[in-house]
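First up is the structure itself, then whatever we jot down about it.
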Amino acid sequence: MAALASTEKVVLGCIAFGIFWVLAVFPSVPFMPLGRTAGSLLGAMLMVLFRVMTPDQAYDAIDLPILGLLFGTMVVSIFLERADMFKYLGSALAWRSRGSKDLLFRVCLVSAVASALFTNDTCCVVLTEFILKLARQNNLPPQPFLLALASSSNIGSAATPIGNPQNLVIAVQSGITFGQFLVGVFPAMIVGVITNTCILLCYFWKYLSVAEKDQEGGAAAAGPEVVADDEVTSHRFTPARMSHASSVNGVDADCVSEPIRRSDSLNRADTHSMRSRSYNSEGDIQVAIRSMRASSMSQEMVEVSTVCDRRDDGVVGPRKITRTTSHQRSVIIEDAPEADAKDGEKGKDAGEVKEKRWKVLLWKTSVYLTTLGMLVALLMGLNMSWSAITAALVLLALDFTDAQACLEKVSYSLLIFFCGMFITVAGFNKTGIPNALWELVEPHSRIDSAKGTALLAVVILVLSNVASNVPTVLLLGSRVAASAAAISPASEKKAWLILAWVSTVAGNLTLLGSAANLIVCEQARRAQFFGYNLTFWSHLRFGVPSTIIVTAIGLLIVASY
């Protein structure tokens, strides 16, 4: 029996870990609404203040390779979103969809693959609103598609070390390469996604069939809640583009309609038209100004205003108003109506647009090639942390702009949460309680027998939903690996992969079991105009059977590796 620490250290260590656990699982408790990040730092601080561990031991507990890998993958994901990777994934969902069941299958497949490459949390953040809009456009119930996104993202993320945080911990601590991890878990992931999709179809077959009949009967032409087709295909995952009723350049749509109608009528009535162009950046403004000065125009005027500021300006000539949503300022440049000048400037404009498109295409290609290079480096077995950091730095350098704007999007709160969690879990280990509990379970949960593997899976499944999956991996990882290493070196690798599979799929059991579930729930609830509340019980009714079946089937595949 493992020896426990002194009674004082055990009690104080349990108090510190208990506070961390409560705030990690329930971040908005009424008596202490600190959130997960502050809760992890509070637990870490109490471990040091209570002298469960020394400050030096606390610093040593922070795993820098894991933080580096997490930081690098977040930066790469940010650049991929800027390069419209997730827009293309969304387009793949909507492209030639053959009904609600086909759409559900696509959501499961796309979210699983995207999560394996870009982490499940990122996938859920950028795809939730798009899927809601797609369901509303096709008059489909949102619930099955939200559950498909959350559950498939968790299952898909199990396939790679960069799919979720707990896999990052396992990959770094075990030394398993990216390729070995992929070969060991990918078959289980594919079968798990297919199984989960079949469960979803069986569970929601009635609702999806009714929706398809409504579409065939013409009910798809619903009211203003239905989103236009171009809005779906051009979605950039920003709340500003969720509805046609949204503002233009920060101004209400009603304010824009009158000048637009007036412009159309004037264009038809007056042959002496005046040209107007809208520019969306300071660089475009300067290019236009230089072009105007170089031409042989007799008059030039640069006017900076919003569209509503132009409503009562008294200008007699026609003008064309270009709508933009990405900037709060519209820059309108007007010049005298000379035919030769028009032709010359049209050529210049076409050249500038073509050059800009080539630059954007070149930049996107660089982002995709850099990401592909990172994946190749991971598959070759190079250091995962430095491969991800190198890819991030290359992308920042290729951007040729100040990196501050991009780096501000990194979730530093998540990195800080990991630091506090590392310290808190290390302090709890020093109390001796995890070792004592593991010694009671270990003789019956050895992976050299089917019964032992099943018991180990149940322990991981329960603990992942009670203490969350990352703390579970930190608490059990080394112990499970040591127990399996006593059998054979191959068994040790298998034990790590079993831990990765079960702790990840366990997140589908309840709404609180995974951060990805909470992200989907919160993003769906806050979505403008078509929000949806995914409740705890509606998730639980599907989550329990799906988690048990998918875990069992995948466990058979991983255990046979």
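Cβ atoms are placed via backbone N, Cα and C, with glycine included.
TrEMBL: automatically predicted annotations, no manual curation.
Copied from TrEMBL, the annotated features are:
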- 32-506: domain 'Citrate transporter-like' (DOMAIN)
- 10-28: transmembrane segment (TRANSMEM)
- 64-83: transmembrane segment (TRANSMEM)
- 103-132: transmembrane segment (TRANSMEM)
- 182-205: transmembrane segment (TRANSMEM)
- 367-398: transmembrane segment (TRANSMEM)
- 410-428: transmembrane segment (TRANSMEM)
- 454-476: transmembrane segment (TRANSMEM)
- 496-520: transmembrane segment (TRANSMEM)
- 540-559: transmembrane segment (TRANSMEM)
Same-chain residue ranges lying at least 6 outside the transmembrane segment (182-205) that approach it to Cβ under 8 Å: 101, 104-105, 108-109, 112, 116, 141, 143-144, 147-148, 151-152, 155-156, 158-160, 176, 379, 493-494, 497, 500-501, 505, 508, 542, 545-546, 549-550, 553-555, 557-558, 561
Cβ-Cβ under 8 Å with the transmembrane segment (410-428): same-chain residues at least 6 beyond its ends: 13-14, 16-17, 20, 24, 36-37, 39-44, 47-48, 52-53, 57-58, 61-63, 66-67, 70-71, 74-75, 78, 165, 434, 470-471, 474-475
In contact by Cβ distance (the transmembrane segment (64-83), the transmembrane segment (367-398); 3 or more pairs under 8 Å): yes
Spatial neighbours of the transmembrane segment (540-559) far in sequence, C-beta under 8 Å, 6+ residues away: 147, 151, 155, 158, 184-185, 187-189, 191-192, 195-196, 199-200, 203, 447, 453-454, 457, 461, 494, 497-498, 501-502, 505-506, 508-511, 513
Within the predicted model, mean pLDDT of the domain 'Citrate transporter-like' (32-506): 74
